[in-house]
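TrEMBL has this to say about the protein:
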ACT_SITE  H177  active site, proton acceptor
BINDING   G8, A9, A10, G11, G12, I13, G14, D34, N94, I117, S118, N119, M228  NAD(+) binding site
DOMAIN    2-145  domain 'Lactate/malate dehydrogenase N-terminal'
DOMAIN    147-322  domain 'Lactate/malate dehydrogenase C-terminal'
Amino acid sequence: MVKVTVCGAAGGIGQPLSLLLKQSPLITHLSLFDIVNTPGVAADLSHINTKAKVTGHVGTAQLEEAIKDSDVVVIPAGVPRKPGMTRDDLFKINAGIVRDLAVAAAKFAPKAFMCIISNPVNSTVPIVTEVFKHFNVYDPKRIFGVTTLDIVRASTFVTELIGGDAATLRVPVVGGHSGVTILPLLSQVAGTDKLSQEQIEAVTKRIQFGGDEVVKAKDGAGSATLSMAFAGARFALNIVEAAVNGTAITECTYVHLDADKEGAKDTKAVVGELEYFSVPVQLGRNGVEKILPIGAVNNYEKKLFDEAVPELKGNISKGASFITEGAKL
Ligand SMILES: NC(=O)C1=CN([C@@H]2O[C@H](COP(=O)(O)OP(=O)(O)OC[C@H]3O[C@@H](n4cnc5c(N)ncnc54)[C@H](O)[C@@H]3O)[C@@H](O)[C@H]2O)C=CC1
Ligand SMILES: O=C([O-])CC(=O)C(=O)O
C-alpha cells in the first residue's frame, strides 16, 4: 500500500502532477489536498482506469484525513512568481503555507518522504526540517527539496547544443533552486568540451534563469507548471520506486547534509559549513541511502560556487529562523 498526498493539488502544478502520479502502478492511494477545488479534480482523476484510489480533501478541516499515514507528501502549494519577482519574494506567503502543511505531516504522517516544490525551495526545506525537529520526528533522509526541473532543463538546453538524446543525457545540477545558487556541472558532461567558454557561460545562465524564461513568457499568468509537473512526478516516482522496490536511483536533490555525514564530506570540503545543498543522492528504501561526491569542479564552476554559497546561507537561515524564532507552533 502506497499513499501519496499532493498538497496544492488543484493548482497549476498540482493538477498535471496528480495526473502523472495517477498513472503509476505503484501508488494505491492518491490523496489530493487543497484549499479549493479538490472535489472536482479528484472526481475527474478518479475515472481513469489505473490502480490508485483517488480522494479529494478541501480546506484545513480536512487536512488531517488527507495527509494521515501518507508514505509520500508532495507540496506544490502556494503562490507562484509574476514578472519582476524573485523566488524569495514568495517567502512572505509561502513560508506560512509550507509550515502549516509540515505541521500536519509531522503530526499525522511523520514517516512520510517530504518532497517540497513550493518556492523559495532554498528556504522552505529548512522550514520543514525545523517543524519536524520541533515535533521530534526529524529524519534528514526523508526531507527533499525538488530541484529536478533544473536537471530536466539542463538536459534539454545542453542537448540543443551538443546533440544526442535529451531524455537520457544526465547533467548534474547542484546547489540550490534560485538564480546563482543553481550550479550546473557541465564540465562533467561528455561532449561539452566541444563548446566554447562563451557557450558554456550562456547555457549555464540559461539553466540558472530558466524559470524566468517561463515567468516572462506567461506574462503574469504564473510560472512553470507543466514542466514542473513532469519533473515533480519524475522525482516522486523515483522516491516511490526506491522505497517500494529498493531500486538504487541517483538523482540530484536539495537535502540537509546530515542525511549522510560521511558521504557529504566531499561536498562540505567545497561549501564549508553550509547545511543544505542539492547533491547527487542515491535513493533507497529509507530515502537518502548515500550522498554521492559532487565530483571534479573546474575553475569557472568554482567561481559559481563562490557566488552561490553566501546567497544560499542567507536563504537557509531565513527559513530556519522563521520556525525557530517565529510564533509558537
Ligand atoms: N521547485 C520548483 O522547481 C518549482 C516550484 N514552483 C513553485 O510551486 C508553487 C506552486 O506553483 P503553481 O502550481 O504554479 O501555483 P498555483 O497558484 O497555480 O497553485 C497553487 C495551489 O496551492 C493552493 N494552496 C494555497 N494555499 C494552500 C494551503 N494552505 N494548503 C494547500 N494548498 C494551498 C492554491 O489553492 C492553488 O491551488 C509556487 O510556489 C511556485 O513558485 C514552481 C515551479 C517550479
Ligand atoms: O521560476 C519560478 O518562479 C518557478 C520555478 O521555480 C522554476 O520554474 O524553476
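Heads up, the Cβ atoms here are built off N, Cα and C, so glycines get one too.
Counting only residues at least six positions away in the same chain, the Cβ atoms of G14, F33, D34, I75, P76, A77, G78, I117, S118 sit under 8 Å from the Cβ of G8 (NAD(+) binding site). It is 15 Å from the Cα atom of N94 (NAD(+) binding site) to that of the residue listed as 'active site, proton acceptor'. For H177 (active site, proton acceptor), the nearest neighbour among the binding-site residues A10, G12, M228, judged by Cα separation, is M228.
For G12 (NAD(+) binding site), the same-chain residues 6+ apart in sequence whose C-beta sits under 8 angstroms from its C-beta are P80, G222, T225. Counting residue by residue with DSSP, the domain 'Lactate/malate dehydrogenase N-terminal' (2-145) contains 65 helix, 28 strand, 51 coil.
With the fewest other Cβ atoms inside 10 Å of its Cβ, the least crowded of the binding-site residues N94, S118 in this structure is N94. Contacts of A10 (NAD(+) binding site) defined by a Cβ separation under 8 A and a same-chain sequence distance of 6+ are given as L32, D34, V36, N37, T38, G40, V41, in order along the sequence. The Cβ of M228 (NAD(+) binding site) lies under 8 Å from the Cβ of I13, L17, P76, I117, L149, each of these being in the same chain and 6 or more residues away along the sequence. Taken over all pairs of the listed NAD(+)-binding residues (G8, A9, A10, G11, G12, I13, G14, D34, N94, I117, S118, N119, M228), the Cα spread reaches a maximum of 18 Å, rounded to the nearest whole number.
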